[in-house]
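The structure is given below, and queries will be raised subsequently.
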Amino acid sequence: MPVPSPMRLAVTHEGRSIIYIPSPEYAVASGRLEPAWLEVFYNPAMEFNRDVSVVAASALRRTGLLTRSGVAFDAHAGVGVRGVRYAVEAGYVKVIMNDINPKASMLAALNARANGLEPGSYMIFNKESNSLMFHLSRERPTPVSLIDIDPYGSPAPFVDAALALSGKGTVVAMTATDLAVLEGGKARAAVRRYMLRSVSKTPVSKETGLRVLLGYVARVAAAHDKAVKPLLAYYADHYYRVYVAVERGARRSDSMLEENLGRLVYCPETGVALALSYAEDPASACGGSYVVAADPAWIGSLGDQAFLEAMLNIAVEAVWLGTRPRVEKLLNTLHGEAPLSPRSIYVSLTSVASKARVNTPKKSKVVELLRSMGYRAVATHFSGEGVRTDAPWGEVLEAVVKLGSSG
């Protein structure tokens, strides 16, 4: 491997970790850092993503969900900030950091040493991530507990290798930034990349995209005779982030597909979206015409409530997190949404009110009214004007019309 040329460095801090990064001197445009211009990729705007990751990694260890060794694998490490933080802040006994950029390998090693990691507690690779994951899946000198996929763009090209490397008790985490594709804005690309039959842009496409991603991961897992269970799945800023626990076995895989894969439909006459099994008729469910928002897609739960509660408890204690208030706010919202997320799509109040020709009511008032009617209802993290509820769409429409007409 050629020896990387020296680079000028700067220093920053995240959480409890000190991180050396390439000097941003020549990577600033219009007063903002352009991460792709750095000699080694580092995006300070993703600190929130990494803070959530550290809390999730800590919760996996604290709850016992991590049944394998305490080894974390970062497939696209960049400067090594995520892997280092897994060791320093989440207590992982070993971190494996990989990046195809040789300068990244050098910086990741520097950051590991700067944060006091012992030589045997980390490994650095300079490989194409898929080839390394397939290699480790065959060799597997050390079982991997947490596999983290955070590429530039779509995680789709890396899901197969990550699931090949996974075993019983492994958790696979991934970030997707190709939202225009996942949400149906680029339908042909979505069909190719995520193996969809159909996808369309709708007022609730933020959730559609996340469920498309989970559905793709589930189908790739099934090809390995494995099943996945979402522990945490969310939308923030310009990306999706999901964590799935892996189980082995063809029967588990079959059950997962049967119970959690279906189609998402949008009802244009009412503005409501539905998550339907393949046994359910979309026309009957919508009461008329419908648009297929995504097929196939994940229609099961978007999170594990006990795991989210454990994350919340850790976040409250983690006073060193730079984005702690935002982390707590997200986790509180996700904790409320989790039990309502199976077979449910959030309601866009703007869309429903527009179809009903009434003013858009306040979200808090809709939640209050639906609860008074005996249903569960919470705000969603996907949208500032969205509500998640177990109320039938007819009752939702009644609530929106009542409040929208009086306001």
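Any Cβ shown, glycine's included, is placed from N, Cα and C.
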Please identify which of ARG8, ARG16, ARG82 is recorded by Swiss-Prot as part of the S-adenosyl-L-methionine site containing ARG50, ASP99, GLU128.
ARG82
Please determine which of the binding-site residues listed here (ARG50, ARG82) has the lowest count of neighbouring CB atoms within 10 Å.
ARG50
Among ASP99, GLU128, all listed as binding-site residues, which has the most CB atoms within 10 Å of its CB?
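Sorting the candidates by Cβ neighbours within 10 Å, the top entry is ASP99.
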